[in-house]
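Copied over from Swiss-Prot:
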- G170, D171, R172, Q173, T174, G175, K176, T177: ATP binding site (BINDING)
- S363: site 'Required for activity' (SITE)
Amino acid sequence: MVTIQADEISNLIRERIEQYNREVNIVNTGTVLQVGDGIARIYGLDEVMAGELVEFEEGTIGIALNLESKNVGVVLMGDGLMIQEGSSVKATARIAQIPVGEAYLGRVINALANPIDGRGEISASGFRLIESPAPGIISRRSVYEPLQTGLIAIDSMIPIGRGQRELIIGDRQTGKTAVATDTILNQQGQNVICVYVAIGQKASSVAQVVNTLQERGAMEYTIVVAETADSPATLQYLAPYTGAALAEYFMYRERHTLIIYDDLSKQAQAYRQMSLLLRRPPGREAYPGDVFYLHSRLLERAAKSSSKLGEGSMTALPIVETQSGDVSAYIPTNVISITDGQIFLSADLFNAGIRPAINVGISVSRVGSAAQIKAMKQVAGKLKLELAQFAELEAFAQFASDLDKASQNQLARGQRLRELLKQSQSAPLTVAEQIITIFTGINGYLDSLELGQVKKFIVELRTYLKTNKPRFEEIISSTKIFTEEAEALLKEAIRDQMDRFLLQQQV
């Protein structure tokens, strides 16, 4: 039998007392009262923060949105099929955040920044809150650098600058996504990081966009955030903020970013669904009272950083879908008032074969010529006025039987200018090519050609200048000015090409 000395017992007790850890973990917990339709009502969770992440017993994560006196309304970030009434929920003391980093370039992710392209995990270099405060007044500077879209109608008349927010608005099937993807394609070699956020789209549409970007080598500098139509409303609501957080990561590292929200109407509908299920009082068109704040806090994050912060930028192109061209509906008017201009795409123009179907009359950029290089200002200054006068005259000509010679000439030139603005999808033009096109049309060099010959002549003229007069493009890209030398080169090329073209037509 082993005998234990009294001093050994006291030593053992002393050791155990020294090893005792007095740390107490307080966990804020609650109980599920009710669950369904992507919403859970929780009793307890007394000290939960607004927007805090909560974790259910079976692993589902939710966000506490409604803090009421008797219970907490939580929106689920999953289907929540395994959550049972009476099961426990614990607060995580964390606000929604996502991993960020360079490794996200070229990847397709969901609203929680998890990869969904089947290419393995992504190694993040840090974390950012999904909802961050927008830069203040002192942190910004006014927009002054152009962000070229490669679309002649936009770059010449509705210019977009780095750090601007320009709304793309129009009915369904009018080419809104095409304008956005063409802008991404045109950023190749411009050192601009692009983020494309697809909200509530068909999975096939998103796959089509990703394929286009991959084929053209644009995925190297692009991140796609996708929450398709079958995703929970919570994730569709969060997706734009996830995209903004990723773009901000690059903006605060003195880089230029472009973010496309396709589209914010679907996000507003997802938020309306969540709000009605949370029993928040409905307002106009059954949207909750804070739907304006939903979009303003998102779009205000787009900015041009001040010199102190390294002059990074985040340019936002939100897309909004209208019903039968009604721009006075609730969401369109809200987003128009938040953004720095809008590009209006018309179904009538689209059906008439004018693509991109941009209605130049009611489209506007509130930054204006500050977002254009000097060469473009010099050449395109008269273009919008000419087209506006042409549209007016065309409407009048439908009723007038006999027009004077000057009016007939103006109509002919307007038709040729409109022909020049037509562009096929995924075929962005360089600034020099746009200047060639506009200069030729504005100065009447195309008036002698048939309407059907205009496109062919311009394509051949661009090729001729590129091969025989490369100096022209050098001048535009290096000086950004349409100098006398550049003008002389262009006029000479137009004359040479016109002679050659007319000879070809006679043969």
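Placed from the backbone N, Cα and C atoms, the Cβ positions cover glycine too.
Location within the structure of each feature annotated in Swiss-Prot.
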residue	record	Cβ neighbours (10 Å)
G170	ATP binding site	28
D171	ATP binding site	18
R172	ATP binding site	11
Q173	ATP binding site	12
T174	ATP binding site	27
G175	ATP binding site	19
K176	ATP binding site	25
T177	ATP binding site	22
S363	site 'Required for activity'	22
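What surrounds the ATP site, by Cβ distance within 8 Å of the Cβ centroid and not counting G170, D171, R172, Q173, T174, G175, K176, T177, is the set E321, L345, A347, F350, A357 from the same chain. In this structure the C-alpha atoms belonging to S363 (site 'Required for activity') and T177 (ATP binding site) are separated by 17 Å.
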